[in-house]
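Swiss-Prot has this to say about the protein:
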BINDING   185, 189, 195  Zn(2+) binding site
ACT_SITE  186  active site
BINDING   262, 264, 266, 294, 296, 299  Ca(2+) 1 binding site
BINDING   297, 299, 336, 338  Ca(2+) 2 binding site
REPEAT    341-354  repeat 'Hemolysin-type calcium-binding 1'
BINDING   343, 345, 347, 360, 362, 365  Ca(2+) 3 binding site
BINDING   352, 354, 356, 369, 371, 374  Ca(2+) 4 binding site
REPEAT    355-367  repeat 'Hemolysin-type calcium-binding 2'
BINDING   361, 363, 365, 378, 380, 383  Ca(2+) 5 binding site
REPEAT    368-385  repeat 'Hemolysin-type calcium-binding 3'
BINDING   370, 372, 374, 392, 399  Ca(2+) 6 binding site
BINDING   379, 381, 383, 409  Ca(2+) 7 binding site
BINDING   455, 457, 459, 461, 463  Ca(2+) 8 binding site
């Protein structure tokens, strides 16, 4: 029996990195952020819906059906807007949506119907759609404007987009640019979503100081005016093309969650099978900005094509730092994503409460599976597998470290309360003898399988266990 023991050293840097990112972008509570109260996702959704405007489903229908069309000529509102809205005097010159605008508008509509129970039907050209689209040239309405569903029928469903010699962002909307973001934003208005705060383009000179709550930024809502940097994120010039975390929560409060969307095994990022441009990475320079809505299956965030150091968090309502951006990927409330794949940088991967598959890839990665019997691959490089609670790899449902390399990889137990606050000292033995803190390291050379088992309760049974493909030594265990 070995009598070697490892003395308490305090929480490691790897554990601290995990703990810090688990609490990064935290929301709610009583503290002010940037001088504003912090809202939870649910509070933000209620704020976005404060006007209580919505379309009504037909009696007995579980799905709202709305038609849409692209105007080919000015309608009555365009010709005499002052009859309907006193602060709009002239919209200038009308122009119909181009083929590019129409195609991108349809993608924006699709992104809304993916997350909620709305079915959009193409009514063709003209003004016969419930929702209509057109361009104007005067700057009186800002870059675009639209009407909530609580207005008179003469205005309901209309959205208008500025195109003139000094403003061209709406000419060529595309995934990740401001034109596509504008389409998704204005469609959100026509469906019942307001700005998160009481501001409008063309009404004074609003700034982030006018926000009602801290998370009123483009990191959380496509309906916001304010840059994501205000809340610590950075998209490096990219914009969301689809509803984000708070928008999804809001629209689902109005029309329900679409539980038919992506019910199979779905991959987001590289090797995406979503058939959605905003969920798909096509090169190492792709700038992803999205919030995952997924109704089932065994799903994966694949960021294997990026070389930057990434931080990936699989918990619902959490934000991740992906592809050199900060806080650019989130997971909507109620969504479970099972798996994550890192890139060639030194990544931090955080699992959730189900059985996750985490693959670090190249680089010196930190993997934290959380609860559930997780399958963890560190990949090439010196990797650290972090644990913060004995329940995260119980004897009944142990994690498996699939490619452990002794002398290079580490099993980090420094965050376990028994070591940090309980003063427990780890002692390696050949067999349990009823003393808390005893640990058994085993290895079978024929199968190349090893294990670590620890008795924390002193009942001569393992409370904590990890299976390994590879052999671990005492020097590989960090406490």
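Even glycines carry a Cβ here, placed using N, Cα and C.
Projection of Swiss-Prot feature records onto the structure.
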residue : record                : contacts (Cβ under 8 Å, 6+ apart)
189     : Zn(2+) binding site   : 146, 147, 148, 159, 223
195     : Zn(2+) binding site   : 48, 223, 224, 225
294     : Ca(2+) 1 binding site : 261, 262, 266, 335, 336, 337
297     : Ca(2+) 2 binding site : 262, 263, 264, 265, 266
365     : Ca(2+) 3 binding site : 342, 346, 347, 348, 349, 378, 379, 381, 383, 384
380     : Ca(2+) 5 binding site : 361, 362, 363
459     : Ca(2+) 8 binding site : 434
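DSSP gives residue 455 (Ca(2+) 8 binding site) a strand state. When the C-alpha distances from residue 461 (Ca(2+) 8 binding site) to the binding-site residues 185, 299, 369, 372, 409 are tabulated, the minimum falls on 372. Sequence-distant contacts of the repeat 'Hemolysin-type calcium-binding 1' (341-354) (same chain, six or more residues past either end, CB-CB distance under 8 Å): 17-18, 21-22, 269-270, 300-316, 318, 323, 360-372, 374, 379, 381. Other than the site residues 361, 363, 365, 378, 380, 383, same-chain residues with C-beta atoms no more than 8 angstroms from the centre of those residues' C-beta atoms, the Ca(2+) 5 site, are 342, 346, 347, 360, 362, 364, 377, 379, 381, 382. Least crowded of the binding-site residues (338, 399), judged by neighbouring Cβ atoms within 10 Å of its own Cβ: 338. For the repeat 'Hemolysin-type calcium-binding 1' (341-354), the predicted model reports an average pLDDT of 99. Sequence-distant neighbours of residue 370 (Ca(2+) 6 binding site) (same chain, 6+ residues apart, CB-CB distance under 8 A): 315, 350, 351, 352, 353, 356, 392.
Within 8 Å of the centroid of the Cβ atoms of 352, 354, 356, 369, 371, 374, where the record puts Ca(2+) 4, the same chain has further Cβ atoms from 314, 338, 351, 353, 355, 370, 372, 373. Taking all protein chains in view, 25 other C-beta atoms sit within 10 angstroms of the C-beta of residue 361 (Ca(2+) 5 binding site).
Within 10 Å of the C-beta of residue 379 (Ca(2+) 7 binding site) there are 21 other C-beta atoms, taking all protein chains into account. Mapped onto DSSP helix, strand and coil, the repeat 'Hemolysin-type calcium-binding 2' (355-367) counts 0 helix, 5 strand, 8 coil. Applying DSSP to the repeat 'Hemolysin-type calcium-binding 3' (368-385) sorts its residues as follows: 0 helix, 6 strand, 12 coil. Highlighted in sequence order, 360, 363, 364, 365, 378, 380, 382, 384, 403, 405, 408 have their Cβ within 8 Å of the centre of the Cβ atoms of 379, 381, 383, 409, the residues recorded for Ca(2+) 7, and are not part of that set.
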